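The disulfide bond feature in Swiss-Prot is assigned to Cys119-Cys182, Cys221-Cys275. Swiss-Prot lists Asn108, Asn125, Asn149, Asn246 with the feature N-linked glycosylation site. Taken from Swiss-Prot, the feature phosphoserine applies to Ser334. Residues or ranges marked as region 'Alpha-2' by Swiss-Prot on the basis of similarity to another entry: 111-200. The region 'Alpha-3' annotation in Swiss-Prot covers 201-290. Among the features that Swiss-Prot reports, region 'Connecting peptide' is placed at 291-297. Per Swiss-Prot, topological domain 'Extracellular' is recorded for 22-297, and the stated evidence type is sequence analysis. What Swiss-Prot records for 322-365 is topological domain 'Cytoplasmic', and it gives sequence analysis as the kind of evidence.
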Amino acid sequence: MGMPLPWALSLLLVLLPQTWGSETRPPLMYHLTAVSNPSTGLPSFWATGWLGPQQYLTYNSLRQEADPCGAWMWENQVSWYWEKETTDLKSKEQLFLEALKTLEKILNGTYTLQGLLGCELASDNSSVPTAVFALNGEEFMKFNPRIGNWTGEWPETEIVANLWMKQPDAARKESEFLLNSCPERLLGHLERGRRNLEWKEPPSMRLKARPGNSGSSVLTCAAFSFYPPELKFRFLRNGLASGSGNCSTGPNGDGSFHAWSLLEVKRGDEHHYQCQVEHEGLAQPLTVDLDSSARSSVPVVGIVLGLLLVVVAIAGGVLLWGRMRSGLPAPWLSLSGDDSGDLLPGGNLPPEAEPQGANAFPATS
């Protein structure tokens, strides 16, 4: 199937049945980030696509291909769709990296340039566009798709806006995307993949113990590859509830999530404990004993490292997901390229999952 003609969107907007109420239709948003001088092995540009709080797309300058995430990997999309996403994001990558080079040349320093671009659907299925940009964590520019210009009050705004206005058709393409392509894509996702928004993937689990301080042990209950992200931990001692521990949750980069909870117990008492989780994907709570797993046979360190490697491909996913889930207006990051390694969740990994060497754990491809 070829690319749709310009008039096809107008016809689709008129004829599409109003099966989704405006209060249930999620926005489609692209979050773009470019950094100066990225840390070794990290991309200089990456993008994530979101349908409401659910990530459906990832792209980075190392792989240079747009890939679907989670349940959207099985969406019955038209043949050209992901090629078009890739082409558009490569164009955005070029614009963002050229802007960074120009800012560095004129003003010196290192920068993080970000954008939040997308749309919601009005009651008549027309686009309610969003196009805002941030520099080093502060919003500094907006794009008006109906006028076709970038505006803001910062000196840096003028530099970036003038650069982009000189690019052939850059403003026209941005307007076309926000007013036409974005609502068309959103409507297509809702028609072809509406069940994906109700996707449920149950977790795999593992319970491990390690020595703590002053005669204690620390239990780590880990849950892997689940969706939606809401999950409830519970530790059991001799079958009775013994608290939920200290919990953390983050995205894997493929649309699913991982989580863990830590509980300090008396050393020698570890085998009296079990870990239990409740999740929408489970018909009943899932319980696991110490040093055993449910629906998983891979060592916890290998799984967590695999998750870390996936997150590297979409650096910043943890922070971005947290902001998107919180409903904050824009998930801006203030880190420069030299600090981009801090976008990764390594500091939040449970101690037994910390890498001990390059060859310590199984690699993932």
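For all residues, glycine too, the Cβ spot is worked out from N, Cα and C.
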Helix, strand, coil residue numbers for the region 'Alpha-3' (201-290) per DSSP?
3 helix, 57 strand, 30 coil
Where Cys119 (disulfide bond) and Asn125 (N-linked glycosylation site) are concerned, what is their Cα separation in Å, rounded?
11
If you compare CA-to-CA distances from Asn246 (N-linked glycosylation site) to each of the recorded positions Asn149, Cys182, Cys275, which comes out shortest?
Cys275
Please tell me which one of the recorded positions listed here (Asn108, Asn125, Asn149, Cys221, Cys275) sits closest to Cys182 (disulfide bond), measuring Cα to Cα?
Asn125
Protein Cβ atoms within 10 Å of Asn108 (N-linked glycosylation site), excluding its own:
7
Which one is closest to Cys275 (disulfide bond) in space, judged by CA to CA distance, out of the glycosylation sites Asn108, Asn125, Asn149?
Asn125
Set of same-chain residues at least 6 away whose C-beta sits under 8 angstroms from Asn149 (N-linked glycosylation site):
Phe143, Ala161, Met165, Ala171
In terms of DSSP three-state secondary structure, what is the assignment for Cys182 (disulfide bond)?
helix
Which of Asn125, Asn246, all glycosylation sites, has a Cβ with the fewest other Cβ atoms inside 10 Å:
Asn246
Could you count the residues of the region 'Alpha-2' (111-200) that DSSP puts in helix, in strand and in coil?
39 helix, 29 strand, 22 coil
Spatial separation of Cys221 (disulfide bond) from Asn108 (N-linked glycosylation site) - C-alpha basis, Å:
47
